Structures are given as structure tokens and as C-alpha cells.
Amino acid sequence: MAQDIVMVVGLGNPGSDYENTRHNAGALFVEALAREAGQTLRPEKKYHGLYARIQWQGLDLHLLNPSTFMNRSGTAIKALADFFKISPEQILVAHDELDLPPGTAKLKKGGGHGGHNGLRDTIAHLGTNDFQRLRLGIGHPGDSRKVTGFVLGRLGKQETEQLTAVFDEVMRVLPDAASGKLAAAMNRLHSFKPTP
């Protein structure tokens, strides 16, 4: 049976300055998925990022964390998609989401970029917004002037625990989401409640 999701991309910024920051939630998810499958992401120049191919839960998935900066993510995503002839609708892009509380996640198909530079560049390079998104909640600082410092700030202990819990839940629903049962996966994931 054809897979609905063939490629999972984690948006983030490269380098130790950005490790474990809220803005790197997507990249942290893809690292966790690779670990779950017993694989390690390795540098791959032709895809401008860290790459692994995994066989997991009956799925054959290409994992990519672009090593470009966030606002150039589309370069890496397009390079990998073009090489393996993966269509945009078969791509799941995991990214941090200010408009969701920490420890929650939502699956979404299509839509705008909502001011997220990684999504903006992905849409520009793919020439469409018709790809799937995994929105990982990081919360909002409450003041739009504080957003940059907030997203580039490091995750606290409780936030890390909440992200780990939601990553586990995403991994439970991903096989359904990738194999034609997106509605069921969304229902389960969207009803997941973070630990207080």
C-alpha cells in the first residue's frame, strides 16, 4: 500500500548555540524518531542536512534535519524531495508552534506559514503549501515583542518533559497518519493532554 507520508523533516537552526531551543522542537522530534528506529542522523551534503532512512512500524521513511538556518530550510527539503521524487503532499514538516500550549501537538495539511520563516521558505521552494505539518506547541510569551528571544531560548526541564511526552504520542499516531488514516491520527493526537 502506498504511504501518505514518505519524508519527515524537522525544522531548526544548526549549531550548539541553538541546541535544545524552543525553535528547534521540530528537529528534536526527528532526532527522537531516528533514535526510536535505532538510527542516527548523519551529515549528507547533497541534501544540505542531517539524514537517515528508516524502516519503522512498517513504514519506509526519509528523515531530514536541514543544516541550513531556519529561513533557508526549503533548500534542503527540495533537494531531498527532488532526489527521491517525493511529492510535497508526502512530506511531513515538524515545527515549533507558538499558538499551541507546550506539550500539545496537531497535524495539519496545507495552510499558510503563520509568520514561521522555516515554513515560509519551504512553501517558496516547493512552490506549494500542500504539504503536511506537525505543529509542536511551545506556548507564547504573551507579548509579540518577546517572541524572538522566547523561541531562541532554551527549553526548561518541564518543557523538555512535555515535549518528550508529546513526541511519544506523535510516534504512536504516525503509522496511522502515514497510511491513510489521517483523521483517526488527528483525533487521537488532538485529544492528547500534556502532563501538568
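Glycine residues also receive a Cβ, built from the backbone N, Cα and C atoms like all the rest.
Swiss-Prot lists N13 with the feature site 'Discriminates between blocked and unblocked aminoacyl-tRNA'. A 10 Å cutoff on Cβ-Cβ distances gives N13 (site 'Discriminates between blocked and unblocked aminoacyl-tRNA') a total of 21 other Cβ atoms nearby, all chains included.
The Cβ of N71 (tRNA binding site) lies under 8 Å from the Cβ of N117, G118, R120, D121, each of which sits 6+ residues away along the same chain. Sequence annotations record features per position, and here Swiss-Prot assigns tRNA binding site to Y18, F69, N71, N117.
Within 10 Å of the Cβ of H23 (active site, proton acceptor) there are 23 other Cβ atoms, across all protein chains. The active site, proton acceptor annotation in Swiss-Prot covers H23.
Cβ neighbour count for D96 (site 'Stabilizes the basic form of H active site to accept a proton') (all protein chains, 10 Å cutoff from its Cβ): 26. Taken from Swiss-Prot, the feature site 'Stabilizes the basic form of H active site to accept a proton' covers D96, and the record attributes it to sequence analysis.
With a 10 A radius on its CB, N117 (tRNA binding site) counts 15 other CB atoms from all the protein chains. The local packing around F69 (tRNA binding site), expressed as other Cβ atoms within 10 Å of its Cβ over all shown chains, amounts to 15. In the three-state DSSP scheme, F69 (tRNA binding site) falls into the coil class.
Residues near Y18 (tRNA binding site) in space but far in sequence (CB under 8 A, at least 6 apart, same chain), listed by position: G12, N24, L152.
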